[in-house]
Amino acid sequence: MIKKFFITGTDTNVGKTIVSSILLKKATMSGYQTAGYKPVSSGGQKKSSGFFNQDAILLKKSSSIILSDREVNPIAFFENAPPHILSKFQKRSIKKEELSLGLNNITKKSNWILVEGAGGWYTPLSCKDTFSSWVKQEKLTVIIIIAIKLGCINHAILTEKAIISDQIKCGGWIANNIFPKDKYNMHYIQTLLNYIKSPFLGVVPYFKNKNRINFKKIKIKLPK
């Protein structure tokens, strides 16, 4: 059975990619053929083949199957701004059909796929479509990444309510410590446990060096 998940966040810069890489590694260790997919990205670097996004590079490295840059990230914008705005200025339309084509291609090679969105749940793809409408179309199970910081509780509750109101399955949430641990961190998480109804998958600790992560020691569960 092929498992397909969509990673969203309560905000931008909540650590979606690092958590995605951990989930991909965990799924690989559980015996799955894994693939990370970032259909749309903004903010990149020059490569001989064009522009490529650092988040997409990490997803590619964290996948167990071999994927090309284009397979992981078919739509990449060099500047760091909302994709629908860059799409308008660069006259490069973002169509849901193109996102689906890339996903279908990866599905032929992998049985555990993690799709990373951009920003939060209602990030626009165009003037009429959002990532959420595409996720609903593809019937993906959503995982919420919550960065533990001031404001995260309200953002998390709103995000889960939006997903449920869109009649999409929320497979769980992960607390990501993006700042060094302080005395209130566990109180944030305890409050989230009281309010968020979706399964709690675990906590990602704060990392000083994200290039030296012991994946086996991170106690997060794979979504069902």
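Cβ coordinates are placed from backbone N, Cα and C, and glycine is handled just like the others.
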Of Thr17, Thr28, Thr141, the one that Swiss-Prot places in the same Mg(2+) site as Asp55, Glu116 is Thr17
Neighbour count check, CB within 10 A, over binding-site residues Asn13, Thr17, Ser42, Asn177; minimum at Asn13
Within the same chain, the residues at least 6 apart in sequence whose Cβ is under 8 angstroms from that of Gly15 (ATP binding site) are Gly9, Ile145, Ala147, Asn176, Ile178, Val204
Across the binding-site residues (Asp55, Glu116), the Cβ with the fewest other Cβ atoms inside 10 Å is that of Asp55
Between the binding-site residues Gly117, Gly119, the one whose Cβ has the fewest other Cβ atoms within 10 Å is Gly119
